[in-house]
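Over in TrEMBL, the protein carries these features:
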| type | residues | note |
| --- | --- | --- |
| COMPBIAS | A:1-12 | compositional bias 'Basic residues' |
| DOMAIN | A:21-73 | domain 'Myb-like' |
| DOMAIN | A:23-73 | domain 'HTH myb-type' |
| DOMAIN | A:74-124 | domain 'Myb-like' |
| DOMAIN | A:74-128 | domain 'HTH myb-type' |
| REGION | A:1-25 | region 'Disordered' |
Amino acid sequence: METMKKTGRGKARITSQKEEEGTVRKGPWTMEEDLILFNYILNHGEGLWNSVAKASGLKRTGKSCRLRWLNYLRPDVRRGNISAEEQLLIIQLHAKLGNRWSKIAKHLPGRTDNEIKNFWRTKIQRHMKVASSENMKIRHCLGNSQSSEMTTTDQGSSSKAFDMAESFSPGATTTSTSFHVMEQSNDNYWNVEDLWPVQLLNGSDHQVI
DNA sequence: AAACTGGTCAACCGCGAAACA
DNA sequence: ATGTTTCGCGGTTGACCAGTT
């Protein structure tokens, strides 16, 4: 027998009976799991993720616990819109550091490497693709038929990204290909903030780190 | 209204580095 | 010095959702 576990967005996986009975769980985290991990780290602190996984009673790998904490549960994690300033900073840092997402994330307090990586891939790379194809069209229209190998790979796009960063600066005039900060809604998700009152209700013996 | 398509993002995987025995 | 374990990072996957046809 199999049950489909879903928690709003994200990966929904088939959870087998075997998994339910004690082996490693995968897929989206449930609110109960979040609460367990959150409380455990509140009491014992971060680190030693394999022990966290074992000692907390979660049927998750240490890796999975670490990722969930860093990308979602951490109290200082900021979610939602990436501001224009942050976007500019990401573009500039990427031009300088390349795909060193964790390094880039260190310059953006509260932002995770995963979030920045996703942002880059979905917004910036797509934008560059559009921009480059528009460029090609323009060149084509102008009769410039020389082959310009426009790649959208990260390495090749660094200097280009830097140019974009400049054109993206607050003072720059907006063009048809300028960025738009996307509105995001996480309606189907419980927020980390929601865990705070729950965890407070859970017992007053938890000292805050 | 249903089917299709593309964008988004949480989570997994594989690999290399660091730490430890 | 070597083997093993743990951790962290970057790449990739796949479910969900909104917009389009």
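Backbone N, Cα and C define each Cβ position, glycine as well.
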DSSP helix/strand/coil residue counts for the domain 'HTH myb-type' (A:23-73): 33 helix, 0 strand, 18 coil
Tally of residues which DSSP labels helix, strand or coil - the domain 'HTH myb-type' (A:74-128): 36 helix, 0 strand, 19 coil
